[in-house]
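The structure under discussion appears below in the form of structure tokens.
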Amino acid sequence: MKRSGNPGAEATNSSVAGPDCCGGLGNIDFRQADFCVMTRLLGYVDPLDPSFVAAVVTITFNPLYWNVVARWEHKTRKLSRAFGSPYLACYSLSVTILLLNFLRSHCFTQAMLSQPRMESLDTPAAYSLGLTLLGLGVVLVLSSFFALGFTGTFLGDYFGILKEARVTVFPFNILDNPMYWGSTANYLGWAIIPAPAGAVGSEARQPHGPAPDGAGGPHLHSGPPIRRALHR
């Protein structure tokens with residue numbers, strides 16, 4: 001959009017804007033708000049669990065890391081000069097990305113094993129849905145990898161390693177970012193499928209409903225934990 005030729009037009013429009021609806025946020029009485037949805041959510045999620053925090057940190061950090069490093073390399077070419085070859089630099093970055101992805105998967109698994117589980121997910125329908133999502137995710141990720149190649153998958157274009165033409169074969173002919181969608185489907189399916197009984201490292205809580213009103217978080221059963229948490 002083109003900026004208006006009158007420099008004061010935007011300020012004038014803002015100054016004559018009508019008052020906020022209902023008088024603004026100052027007139028809202030938060031004491032009368034219904035927090036039942038948040039209470040139910042906290043019955044299924046323990047945000048203070050160290051495994052949950054670690055999973056959130058790795059999920060957030062990983063894409064930030066490789067995007068920042070790749071853009072920095074694109075502007076400076078320092079990695080290519082340090083390794084003496086853009087291919088070696090790209091391969092080195094790919095190793096760190098793979099290691100971080102393994103760490104992310106481990107943290108995600110531990111978080112799913114330690115979090116409360118919804119009883120509605122312990123059904124054949126939920127299990128079938130999880131398998132379907134996993135299958136779809138694997139197809140999208142692998143087909144994207146084969147279409148892009150190794151350097152194309154691991155940000156080779158930022159290192160000056162370009163393909164001869166734009167990739168338009170499956171799955172890029174049906175989705176703009178099939179690898180991201182595939183990874184999302186993998187983790188979602190992974191979360192839905194329950195862990196087998198006796199899964200190694202599982203310290204899961206028993207499947208239960210949300211915490212009762214007034215309970216400040218998920219209810220922990222006093223008996224031995226049942227290892228039926230979310231697992232791949």
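Positions of Cβ are set from backbone N, Cα and C atoms, glycine also.
Features reported for this protein in TrEMBL:
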type	residues	note
INTRAMEM	50-70	intramembrane segment
REGION	201-224	region 'Disordered'
TOPO_DOM	1-49	topological domain 'Lumenal'
TOPO_DOM	71-82	topological domain 'Lumenal'
TOPO_DOM	104-130	topological domain 'Cytoplasmic'
TOPO_DOM	152-194	topological domain 'Lumenal'
TOPO_DOM	221-232	topological domain 'Cytoplasmic'
TRANSMEM	51-70	transmembrane segment
TRANSMEM	82-104	transmembrane segment
TRANSMEM	124-148	transmembrane segment
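Helix first, then strand, then coil: DSSP counts for the topological domain 'Lumenal' (152-194) stand at 21 helix, 1 strand, 21 coil. Panel annotation: around the transmembrane segment (51-70), residues 45, 79, 93, 96-97, 100-101, 103-104, 107-108, 110-111, 113-115, 155, 158-159 of the same chain, lying at least six beyond its termini, place a Cβ under 8 Å from a Cβ of the stretch. The average per-residue pLDDT of the prediction over the topological domain 'Lumenal' (1-49) is 58, rounded to a whole number.
Panel annotation: around the topological domain 'Lumenal' (152-194), residues 66, 70-71, 73-74, 77, 79-80, 86-87, 89-91, 93-94, 97, 108-109, 112, 117, 121-122, 126-127, 129-141, 143-145, 228-232 of the same chain, lying at least six beyond its termini, place a Cβ under 8 Å from a Cβ of the stretch.
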